[in-house]
Amino acid sequence: MRVLVTGAAGFIGTHVSAVLREAGHEIVGLDLMHPAAHRAQAPVPPGVRHGDVRRAADVDAALEGVDAVCHQAAMVGNGVDAQDLPAYADHNDHGTAVLLAAMGRAGVGRLVLASSMVVYGDGRYTCAEHGDVPPAPRRVDDLDAGRFDPGCGVCGAPVTWRHVGEDAAFEPRTSYAASKVAQEHYASAWCTLEGGSAVALRYHNVYGPGMPADTPYSGVAAIFRSALERGQAPRVFEDGQQMRDFVHVRDVARANLAALERVGDLASGLHAYNVASGHPCTLGEMARILAAAGDGPDPVVTGDHRPYDVRHVVASPQRAYDELGFTAEVPPAEGLADLAHAPLRTR
Ligand code: UD1
C-alpha cells in the first residue's frame, strides 16, 4: 500500500513510518516541522516532505497515488491555558477538515486517525450502591486537603476505577482533548459523506525513544525522564496513586499498521479503538521504575495538583484485540526502564 503519513517527522509519526516500511508499505511523509515539536532550522528527515495539512495544495500533492492516510499531525499536550485554544482548533480541527476534503477530491477512502484517551476525560468508576457511575467533579477544596480520589457522582461514597470502553461518552477537559473529539467527529462526517472507512486509535500515555524532552506540552514520562537527566528527582503530583497505562511507541506504531491493513475491510464509518499496554500502573510506580533504571534520585510525591488533571483513566485494550488483532508487546516495566537511557528529541 502507498500510505500518506502526516506528522511523519514527529515522535509517533517517525515510529509509524518505520513500522509501515518494515511491513513493505510505501510511505509518503508530510510534516510542517512545527516549532512546538522541532527546533528552528531542524532538517526535514529523509523521505518526508515539508508541508502543511491546513494547506489544500500541499495535501493534494501529497495524496497522489495514495491508497490510505495515517493522520498523526497535530498539536499535542494538554494546552497550557485558554490562549492555546485557537492553535489547537487551527492545526487539529481545521487541518483535519482540509485533509478530509482533499481525500474526497483524490478518492482516497481509508483513514487511520491518531486520537487519544483524553476524549473520555476522567475514567469510569463503580459505586458499591449505584453501580457504574460518573465520578463527582473534583473540587479544589478536596484536592487542597489531599482528598484526590473522586466520590460517586450520585451519593459521594468511595468508588473504584474500572476500564473505559470505547462506547464511553466524550468528556473532553482540555483544548487538546476538545480537538481530538472534533477530529473524530469530522472523520465520522467524512465517512457519511464519502462512504469512507476510518479508524480512530485512542492512544493511552505514549512513551519511548525519540519522545520530546521536557516542554510545557510534554507528557509526564518525558518530564520525569528529563528531570532524571538533570540529576533531579521526578516530582509526582497528588499522592502518586493515580492510574494510567503507559504504552510503548513501537506498540502504537504496530497498532497503526494493524488498523491500516484492516480498515479497508471494515464497514463504512468510524471505528474507535483504545490503544493501551493492558498493564496499568500508578504514577508513583512509573516514577520509581524510571528513577531506579536511571540510577537517579527517588521520586518525590509533592501533593501538587493541576485543574485539568483526571484521577484514574485506564482504557480497555479488548476491542483492539478482538477486531484488529492488536495486542501490545512491550511490558511497561521493561519499556520504561529502557526509556531511562533512550535518546530524547531535543527538538
Ligand atoms: C497524557 C498526555 C495527553 C495524551 C494522553 C494520552 C500530555 C501533557 N498529556 O495525558 O496529551 O493524549 O496522555 O496519551 O502530553 N504529573 C506529575 N508530575 C509532573 C507532570 C504530571 O505527577 O511533573 C501527573 C499528572 O498530575 C497526572 C499524570 O502525571 O496525574 C499524567 O499527566 P500527563 O502526562 O500530563 O497527562 P495525561 O492526562 O495522562
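Cβ from N, Cα, C; glycine included.
Some features that TrEMBL has for this protein:
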type: DOMAIN; residues: 3-126; note: domain 'NAD-dependent epimerase/dehydratase'
type: DOMAIN; residues: 167-275; note: domain 'NAD-dependent epimerase/dehydratase'
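Assigned with DSSP, the residues of the domain 'NAD-dependent epimerase/dehydratase' (3-126) fall into helix, strand and coil as follows: 48 helix, 27 strand, 49 coil. DSSP places the residues of the domain 'NAD-dependent epimerase/dehydratase' (167-275) in helix, strand and coil in these numbers: 45 helix, 25 strand, 39 coil.
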